[in-house]
Amino acid sequence: MTTQRHYSPIDRLLLQADAAMRTLLPFSGQPYRPSPAIVQPDVQMSDEDIRHVAGLMRINHTGEVCAQALYQGQALTAKLPQVREAMEHAAEEEIDHLVWCEQRIHQLGSHTSVLNPLFYGMSFGIGAVAGLISDKVSLGFVAATEHQVCKHLNEHLEQLPAEDEKSRAILEQMRIDEEHHAESALEAGGFRFPAPVKFGMSLLAKVMTKSTYRI
């Protein structure tokens, strides 16, 4: 029989600080799975295509920074232990996406967004508030967020140059994982958000995508 470890409030704050550092510091996280891009060939692309792909991958990287913060904020305030554990497990899986995107960005000779700390803080706060309201709302927010991420991934897959199989392999695996996270959150009892709430979330997402494409 397994025993569940109980953390003090100070312990949890230290864990959150550690998670933030691992998310925001370059190459500080290690993926649990190797990047899908490894087995894909290196190809020559025009400077314009390289800049565009780097911008898309920067958006996706910041999206994963937000996902990390969202899950950590929810884990901090989740009421049921099993929900807290689910959030922490999902955050671990998202580390793969975070590192894959960062690796690809650097391969393209570019940089991650300087706005990541700002978006991390905002997302952490949103996640913590959602967790305080109820676990049902918290899980529903995960599902709605992941569906929004899948929408962006589909759009980015359409914009990638045909020859860029490395970025494509990463985004396709990310889409599979995000769809699974969304369905798992709903199956666990997540609230299905109404259309107006989803619309508001999409507007916030546009702010993130427009700003991080270049910086």
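Even glycines carry a Cβ here, placed using N, Cα and C.
Record check, Swiss-Prot: Fe cation 2 site residues include Glu94, Glu178, His181, and the candidate from Glu48, Glu146 also listed there is Glu146. For Glu94 (Fe cation 1 binding site) paired with His181 (Fe cation 2 binding site), the C-alpha to C-alpha distance reads 10 Å. The number of other Cβ atoms within 10 Å of the Cβ belonging to His181 (Fe cation 2 binding site), over all protein chains shown, comes to 24. Closest to Glu146 (Fe cation 2 binding site) by Cα-Cα distance, out of the binding-site residues Glu64, His97, Glu178, is Glu178. Note: His97 (Fe cation 1 binding site) has non-local neighbours Asn60, Glu64, Ala67, Ile170, Met174, Asp177, i.e. same-chain residues 6+ apart with C-beta under 8 A of its own C-beta. A Cβ within 8 Å of the Cβ centre of Glu64, Glu94, His97, Glu178, the residues given for Fe cation 1, is found for these other residues of the same chain: Gly63, Ala67, Glu93, Asp96, Leu98, Val149, Met174, Asp177.
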